[in-house]
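In what follows, a structure is listed as structure tokens, so that the remarks can point back to it.
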Amino acid sequence: MASAQSSGSSGGPAVPTVQRGIVKMVLSGCAIIVRGQPRGGPPPERQINLSNIRAGNLARRAAATQPDGKDTPDEPWAFPAREFLRKKLIGKEVCFTIENKTPQGREYGMIYLGKDTNGENIAESLVAEGLASRREGMRANNPEQNRLSECEEQAKASKKGMWSEGNGSHTIRDLKYTIENPRHFVDSHHQKPVNAIIEHVRDGSVVRALLLPDHYLVTVMLSGIKCPTFRRETDGSETPEPFAAEAKFFTESRLLQRDVQIILESCHNQNILGTILHPNGNITELLLKEGFARCVDWSIAVYTRGAEKLRAAERFAKERRLRIWRDYVPPTANLDQKDKQFVAKVMQVLNADAIVVKLNSGDYKTIHLSSIRPPRLEGDNIQDKNKKLRPLYDIPYMFEAREFLRKKLIGKKVSVTVDYIRPASPATETVPAFSERTCATVTIGGINIAEALVSKGLATVIRYRQDDDQRSSHYDELLAAEARAIKNGKGLHSKKEVPIHRVADISGDTQKAKQFLPFLQRAGRSEAVVEYVFSGSRLKLYLPKETCLITFLLAGIECPRGARNLPGLVQEGEPFSEEATLFTKELVLQREVEVEVESMDKAGNFIGWLHMDGANLSVLLVEHALSKVHFTAERSAYYKPLLSAEEAAKQRKEKVWAHYEEQPVEEVMPVLEEKERSASYKPVFVTEITDDLHFYVQDVETGTQLEKLMENMRSDISSHPPVEGAYAPRRGEFCIAKFVDGEWYRARVEKVESPAKVHVFYIDYGNREILPSTRLGALPPAFSTRVLPAQATEYAFAFIQVPQDEDARTDAVDSVVRDIQNTQCLLNVEHLSASCPHVTLQFADSKGDVGLGLVKEGLVMVEVRKEKQFQKVITEYLNAQESAKSARLNLWRYGDFRADDADEFGYSR
């Protein structure tokens, strides 16, 4: 500034020195601040007061240190005078002369618009407009004072300004220093531009603005950015942060006392967040581009002009290391372009923030959605540590989030843009270990999945340190989406009660499974979602209608077994077990399917058929040579397609049929019998299978009698319920027992361990249970076994020998449970024994021999009997056994194990 190099003396020379500067600010109608040109930093400034004139004082707010002080209003015509100078001088070059300098340092002089004194005399212009007056008592003893006197007389004659009629009260502003409800004030403007004057610049990104026409004086913080500030010390002084003064000057030189428009976007405490619009540009973006500011996440979401513009401007300054970014080190890129952007197929959704995709190479990759956090338990919602947590159902909104992603993405191709790789982290006392994570932006049809999830309130946005660049490339859109979700009370941000999902997991719970079985059988095809694939033929399903989880086994096929971890060893999987599992996963995992439940096994697993898009999964596995047809398929409606699929796979000699060789058909010579075997089959209903392969049946012919008795008995009990705890059970006594389904059945007490443990046998169904005595009662005489005998009769299979090995026996029992439990069969008594009659059992529809089917599958061995009437059937059983041995099925997988010393293992030839 020229005045910094040559200034007038305090006494004032005869010919004052002409100095130049740029008007920074107009303090009032008779005082301005001028500055010089910047050279390596903010330039020096000085205040110039106009000589010989007086303008009204502007309003002043009472000092905060004087609570009883009152605000001083504008004097009449003070604000018009200030505005006259502001519009004429701000940012313009002026020249001035100093005529007088007080002992306190105040400088008085003349100011001219332009580079020399030939320009407009500002004092004369003010007086001529009636916005200022000559100082009282001043004598017109020089040309300048004479001209002021003439200007004042002309203004009076023309009744301009303060000389007009009236007291000038209409020129006094009603200044409003505070706003009672800033949020309501901001919302009332609906983000429409408001005319304003910037009255003060606190730092590069915080200003004081006068909003027009209502004269609200408000502090405005620029949305989305923050400049270096001036730190206030304990002694009251201010210490600027690096580049704070430069940033302040940058904003001052462009906005101070300029006419602008402000978009009021939000509020923070009593301060308003906004964007200042000027005809020459957007100061927010300019500050970023010049390296005077950085983006801030907490307010960038409310920026209405496009947050991506701010990020781009910041990136521009970072790349060039401008000012506050002079020490910036960009993150190292360690990914090839092909690894950074790719298209992949979504195979699985993991909770609510990660997916598993299949790459074009066939490899699988887990992708985490960048910068979002799935729903989680917090505060009072944290459950008892002793209770097993099921995140999908127990964490509020986790199920909704997972379902949103599942329905949108499963089986679809998505675009993946990797944003960052989160390195592996070790476990601490409070945080578990994390493996390396690939975090990316995933889009489908141009929609950012993470943004959609956040906008529905089904996820939240992670907050980072300001200098952390490891974040989503669309981070600002995520913040904006979260702000919308919070404002609209969506999902996690809702004030309503959180949704509760009471999902019963009946996997492996035999008693619960038995209760559900009749409902699922009657339902026919039920809708389901495949939650997990254990193996090619074993799945976990969620049934939405029944709100339960079940383990489901595919019927009609024999799929290769996968590897199993047993105590002390790892059992290797059968060939092609992994391929079968992968095939099923790719086809049905997390897809919506339809299932037909036919039966259940001993472990409470349901058995049936699974359909997806009209295709039967059992048939598809056989068709792709990943399974073989099980003999139980013979009585199903899908036997023909299964058989044709298997035949085609055999001919191709693929996978499980790679070493298939057609076996020559052995002719079995008929054995002449002296005595014919008696075959008189009667219909029965199989109700229970025991662990030693015995079973209980009900006579179909007396079934209606049992139904009528049960109906009458339950009606009687409902009218006269037993008193809880009044019945004292004794071994061998008949009673009534309350089963898990809440109904009463006839039973017999087998053992009393304690009042809390009473062993009972249900005489009409053949199953056993341990109950407390409080769930037992005396059997009413009207429903005793004299009225209707016990309906469950125990039988054993004839002509077969049950394996002594526990695993092998379990396989045989499971097979029988799948095939005949809760189904109608045909029974023929072959011979008697000390324990129970031995019988052959046939399927009611196909007339296939159940026991013979077990032999064919290599699940049991033949019991050779010498009676002549059984020779024909024994021969058939032995031939089936030889076929199973040749095919190395189940018991015979390692050849004929029945060596000379096999007796010690419980086997006999």
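The backbone N, Cα and C atoms fix where each Cβ goes, and this holds for glycine too.
Quick look at what Swiss-Prot lists:
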type: DOMAIN; residues: 17-165; note: domain 'TNase-like 1'
type: MOD_RES; residues: Thr102; note: phosphothreonine
type: MOD_RES; residues: Lys192; note: N6-acetyllysine
type: DOMAIN; residues: 192-327; note: domain 'TNase-like 2'
type: MOD_RES; residues: Thr234; note: phosphothreonine
type: MOD_RES; residues: Thr239; note: phosphothreonine
type: MOD_RES; residues: Ser425; note: phosphoserine
type: CROSSLNK; residues: Lys512; note: SUMO2 cross-link
type: DOMAIN; residues: 524-659; note: domain 'TNase-like 4'
type: MOD_RES; residues: Lys640; note: N6-acetyllysine
type: MOD_RES; residues: Ser644; note: phosphoserine
type: MOD_RES; residues: Ser784; note: phosphoserine
type: MOD_RES; residues: Ser908; note: phosphoserine
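Most buried of the modified residues Thr234, Ser425, judged by other Cβ atoms within 10 Å, is Ser425. Checking each of the modified residues Thr102, Lys192, Ser425, Lys640, Ser644 against Thr234 (phosphothreonine) by C-alpha distance, the shortest gap belongs to Thr102. Of the recorded residues, Lys192 (N6-acetyllysine) and Thr102 (phosphothreonine) place their C-alpha atoms 48 Å from one another. Lys640 (N6-acetyllysine) has none of the recorded positions Thr102, Thr239, Ser425, Lys512, Ser784 nearby, counting only those with a Cα within 10 angstroms of its own Cα. Note on proximity: of the recorded positions Thr102, Thr239, Ser425, Lys512, Ser784, the one nearest Ser644 (phosphoserine) is Lys512, by Cα distance. The domain 'TNase-like 2' (192-327) scores a mean pLDDT of 93 in the predicted structure.
In the three-state DSSP reading, Lys512 (SUMO2 cross-link) counts as helix. Under the DSSP three-state reduction, Ser644 (phosphoserine) is assigned to helix. Per DSSP, the domain 'TNase-like 2' (192-327) is made up of 40 helix, 53 strand, 43 coil. In this view, the densest Cβ surroundings among the recorded positions Lys192, Lys512, Lys640 belong to Lys512, judged by other Cβ atoms lying within 10 Å.
Per Cα geometry, Thr102 is the residue among the recorded positions Thr102, Ser425, Lys512, Ser784 nearest to Thr239 (phosphothreonine). Sequence-distant neighbours of Ser784 (phosphoserine) (same chain, 6+ apart, CB under 8 A from its CB) are Phe734.
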